[in-house]
Amino acid sequence: MYGWIWRHLPGNAIVRALISLVLIAGVVFLLFQYVFPWAEPLLPFNDVTVDGA
Amino acid sequence: MRSVRVVVRSLSELCITVGVLLVLFVVYLLYWTGIRADSAADSEISRLQDRWSRAGATAEHGARRPAAYRDGAAFAVMYIPRFGRDWARPVLQNTEPGTLRRGLGHYSRTARLGERGNFAVAGHRRTHGDPFRDFPALRPGDPVVVSDGRTWYTYTLTRRPYRTLPDDTGVVAPLPAPLDPDAAPFRRPGRYLTLTTCDPEWGSSHRLIAWARLDATRPVASGKPAALRR
């Protein structure tokens, strides 16, 4: 998968490395902003109230 | 042979990806939620203080009518000296996950701050700034001070934190009535405060409860209460 992405990026190795960094940063941003906040309530650390109140 | 290599490579890439994801998630829980919660709490507190200082001038001319608590909005600041001199957290209306990310949450159905009944507040033990991390360190006699911009309310804890089950909703009743009758902190109705958080620290099998009774009120204009000046 990563090899496939690397081969399909344009430019020489340096350009590809820079684009890869941007892609990684974008993925981390999406994870921290949307995916993890969504996944977090599925874990038990959020249950701080007594139920139904 | 080539197809075997592709399968092995894909499998290892998948494993590495999952591993990196898990590490990132732990970083998110342990650090990122704390950073976000601290900055959210600070901005809620400074917004409240701005609002209070703007409203202060009009308050001099007689009692303002207490405003209704707006869902998800901060309306008070809580201080618990036992958790540290600088420990201050905003109290927001309702106990939704999104609200508890920004501070402590007031159980909407319980009494208003300082009123007769039970002013019940929930907070995170771990993650999101760990506001109630030191909950088990609370002791009888510890002050819990809450300000709504006009009045300092000083509550005093009555007993060590009580450990109970998540469905023990009686603990936030106007006259707290926990499942274990021996744990009941008060005999007659009054002005009470209840704090709830989870127990164990990283689990959700139980809840920790602390009860306090309103001991003193003091207009904000006359300065901090004794409990915060120590």
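Just so it is clear, glycine is given a Cβ too, placed from its N, Cα and C backbone atoms.
All TrEMBL annotations are machine predictions without curation.
The annotation transmembrane segment is assigned in TrEMBL to B:12-32. Same-chain residues lying 6+ beyond the ends of the transmembrane segment (B:12-32) with a Cβ under 8 Å from its Cβ atoms: 127.
According to its DSSP assignment, B:HIS124 (active site, proton donor/acceptor) is coil. Sequence annotations record features per position, and here TrEMBL assigns active site, proton donor/acceptor to B:HIS124.
Taken residue by residue with DSSP, B:CYS198 (active site, acyl-thioester intermediate) is part of a strand. Packing around B:CYS198 (active site, acyl-thioester intermediate) is summarised by its Cβ count: 26 other Cβ atoms lie within 10 angstroms of its Cβ, all protein chains included. TrEMBL lists B:CYS198 with the feature active site, acyl-thioester intermediate.
Cα-Cα distance from B:CYS198 (active site, acyl-thioester intermediate) to B:HIS124 (active site, proton donor/acceptor): 7 Å (rounded to the nearest whole number). Listed in sequence order, the residues of the same chain lying 6 or more apart from B:HIS124 (active site, proton donor/acceptor) and placing their CB within less than 8 Å of its CB are B:ALA37, B:LEU100, B:ASP130, B:PRO131, B:PHE132, B:THR197, B:CYS198.
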